Amino acid sequence: MDAMATTEKKPHVIFIPFPAQSHIKAMLKLAQLLHHKGLQITFVNTDFIHNQFLESSGPHCLDGAPGFRFETIPDGVSHSPEASIPIRESLLRSIETNFLDRFIDLVTKLPDPPTCIISDGFLSVFTIDAAKKLGIPVMMYWTLAACGFMGFYHIHSLIEKGFAPLKDASYLTNGYLDTVIDWVPGMEGIRLKDFPLDWSTDLNDKVLMFTTEAPQRSHKVSHHIFHTFDELEPSIIKTLSLRYNHIYTIGPLQLLLDQIPEEKKQTGITSLHGYSLVKEEPECFQWLQSKEPNSVVYVNFGSTTVMSLEDMTEFGWGLANSNHYFLWIIRSNLVIGENAVLPPELEEHIKKRGFIASWCSQEKVLKHPSVGGFLTHCGWGSTIESLSAGVPMICWPYSWDQLTNCRYICKEWEVGLEMGTKVKRDEVKRLVQELMGEGGHKMRNKAKDWKEKARIAIAPNGSSSLNIDKMVKEITVLARN
């Protein structure tokens, strides 16, 4: 842990993310940006996450910098190599029962009193109470799209109105989930299947209750932060602005960070290579360099999606038969209960046009000129990175807000093709060929439009830049009170 710079009194913000890769990445980016704006930062990870960073990025990656320190609290659960896949009930129970006291104990021992807390929205189960006990304000940072938040928010209403649970399993396939819901403000045309809900899940499921109850607490907090930009989700942002006193749309964060001159970046923070909890393989960039512009499909299903060996094999044959180059990220724990090993015959076919790696710097890959398409699980981090890079998508959502993101990618933003839930090699082949061929021309143009609109949002007078400045001013005022 680094020694804090205390020669000048600065607003002091404590960040606490939900302990998962995508949440931490989005939190760290905002923390870096506010640090560059002159705020003092304490970033709190769990012990387990802290150690994962040290393993993936080296022993000095969390040394911090003047005015930026990393701290840890124990998460109270045991961990195995597959610990985060899927999110375990034991972690959620520990968050609800153990994190409050541990977090308060940490904060009260810090050398400088904090100005405010920026909490992951899904940790509001204890951070709202912590803020009250500490006597400091809290801001909620929702590291998902505004449409994803709104979807989670209205699951309670779906249950109250009798749309869920399903009467029986036949409702999964009889067209019922195509029912259009017309009473969610700002989300015209949304279908039941587009809500962030696994419709086969018991409504008493711990993960479901945890994720749907968090937005219901949002009215207890006046400041809410969303990693999106105004022009991407205007009707939903308008609805949220009427609902809460202070809304900050601040994305895409990486584009804002890219504006910081290299000489002003703090090496003790930026050494977190890609903000990844897994060691990255740089060899894929040598392979990308050998390919023509817009000729490669990038394939990555995120850090927590899992599938059957049959599904992975179908993806493999579909990609191999498409006759397009592809970079495929296959995590060791991608397959449920088995090693992620492809059949030897398929491996031979893949060698002709494919490159397989276990992890990579996704944002660098998406920005590479050879990449022309992205086969994705539609996690929000992946989605906003793809939009920022102007790369169209093939969508295979796994769960939760990925389902909502898929709807917006394909129908509202018109930059994606949706796959069926059941993976079939012929469909994979067809969609890759459509995306990369003449059929994808309109999507490529729309993707370029969104890339430009994202850059307008982060320009000096853009909506996201102005919101970051408003947030800094608000926190500075809090520090003086």
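Here the Cβ of each residue, glycine as well, is placed from N, Cα and C on the backbone.
Of the residues proposed, Gln362, Gln433, the one Swiss-Prot records at the same UDP-alpha-D-glucose site as Thr143, His377, Trp380, Ser382, Glu385, Asp401, Gln402 is Gln362. Binding-site extent for UDP-alpha-D-glucose: residues Thr143, Gln362, His377, Trp380, Ser382, Glu385, Asp401, Gln402, maximum pairwise Cα distance 20 Å (rounded to the nearest whole number).
Its Cβ taken as reference, Glu385 (UDP-alpha-D-glucose binding site) is surrounded by 22 other Cβ atoms within 10 Å in the chains shown. Following the DSSP three-state reduction, the secondary structure of His377 (UDP-alpha-D-glucose binding site) is coil.
Taking the recorded positions Asp120, Asp401 in turn and counting surrounding C-beta atoms within 10 angstroms, the largest count is reached at Asp401.
With respect to their backbone Cα atoms, Ser382 (UDP-alpha-D-glucose binding site) and Asp120 (active site, charge relay) stand 18 Å from each other.
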